[in-house]
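Asker: One structure, pasted below without further comment.
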């Protein structure tokens, strides 16, 4: 750091301790109250008259402390968290964070994917109806919806790390207890609590995005979906290995294993440097940035860490609906709701399509029969193939989202999804049906991650967690409704069910184009 030259100005917001103390009995330099905040080469004497001096000169007979009191010594170079993260680049620090956050994402995926297998298993074991199967899915998303804003406020008030630590512990506890539920009522309660804890998982994406350089942010957040796809594939494979022999209870218990691992490693998660800065803990933010520099083997920036913008009240849901963000927030709420409605609807429809055809060929009994036909090995394999579609969907999204931008990418993906689901009604050949579901699953998986890229970018730091949390809450509302379309209406009219998904996807495509901001290549909003 070096003293600023007289007459030069630079806009910045100083942290505590940046001002030089002035000895008693002296007065500030004339013009120090000027709006540009620059140093002025003049001194005010005891009599109050101004005597101009040249830069770097000292009045004869003046005490040294008198000169220091008159010429402010401030850093010529300052930097923000965004500038530091961009300068320190992508390295070992982000790789470690990717693995930690990816494990959380994988555990979330397993808890979601298990819903498509749990309903048919409970129908065989406890004889529950279609509406009760849909209720098992709905109660999970109800818990997620009710908790999303809660976790957002908790993250903004106490930090991302404490919220994720509590989330990991609760998820493992309730997931394990679900495996020993004595009745259907207890299972509903425990799965609802699992959903409540899952509501915090989107905060891991917020934490992750805040440590990513601008150029790599979209690519890395979309690649995070690889862990989701991996978790979904692992859950289907685990169900194939465990459910036919050991039953659904063992499946629930073993599915909680990644949650246990995540709960153990959360104390080593870094806290968001942006959160520390906006909450006035600049020393902790600086320590985190120094750790990034050390892990990435980059030189630490010289100068003073400053606040990126005004740090007003944080975590205000009312601010999301303010005049500057109202349109963006309402459109994002609808987009997220449609995205979850379409994604989980496709997951549940896949089970109904494969399992339903198996039941028709084997038993010919209606859906309310107390008898059941468990998912066969071929059903699990087809589910696995359609789940694997998420990987090419992810990589295609990485290319398209940087080439055409966030808004156009999401709009095109919604339209492509609508075309795919409508094609379900034109064929009953299993191989063609698998191909159609493969394409639809890939595009909707990539779309979900595109929304996760865009949302943290469009909200300022002070509202980022509550903004993502609010969108997640509306997404759960769509997911709560989708079982009654994919599992109930689908059984009576396939055409009606797919038409509902097609209409929602088309409307969401229009909403994407109406978003006021394109965030491709932009820094995280201040």
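Glycine residues also receive a Cβ, built from the backbone N, Cα and C atoms like all the rest.
Keep in mind that TrEMBL annotations are predicted by a computer and have not been checked by a curator.
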Asker: Transmembrane segment per TrEMBL: which of the ranges 68-88, 89-109, 110-130, 131-151 is that?
Answerer: 131-151
Asker: Please find, within the list 383-401, 440-458, 459-477, 478-496, the residue stretch that TrEMBL describes as transmembrane segment.
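Answerer: Within the set 383-401, 440-458, 459-477, 478-496, TrEMBL attaches transmembrane segment to 383-401.
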Asker: Looking at the candidate ranges 163-182, 183-202, 283-302, report the one that TrEMBL labels transmembrane segment.
Answerer: 163-182
Asker: Which range, 310-329, 330-349, does TrEMBL list as transmembrane segment?
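Answerer: Feature transmembrane segment in TrEMBL: residues 330-349.
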Asker: With Cβ-Cβ distances below 8 Å as the criterion, list the same-chain residues six or more beyond the ends of the transmembrane segment (163-182) that contact it, or say none.
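Answerer: Long-range Cβ neighbours of the transmembrane segment (163-182): 104, 107, 111, 151, 154-155, 190-191, 193-194, 196-198, 200-201, 203-204, 207, 249-253, 255-256, 259-260, 262-263, 266-267, 269.
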Asker: Please determine whether the transmembrane segment (221-242) and the transmembrane segment (131-151) are in contact (criterion: at least three Cβ-Cβ distances under 8 Å, sequence separation 6 or more).
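Answerer: Result for the transmembrane segment (221-242) with the transmembrane segment (131-151) is no.
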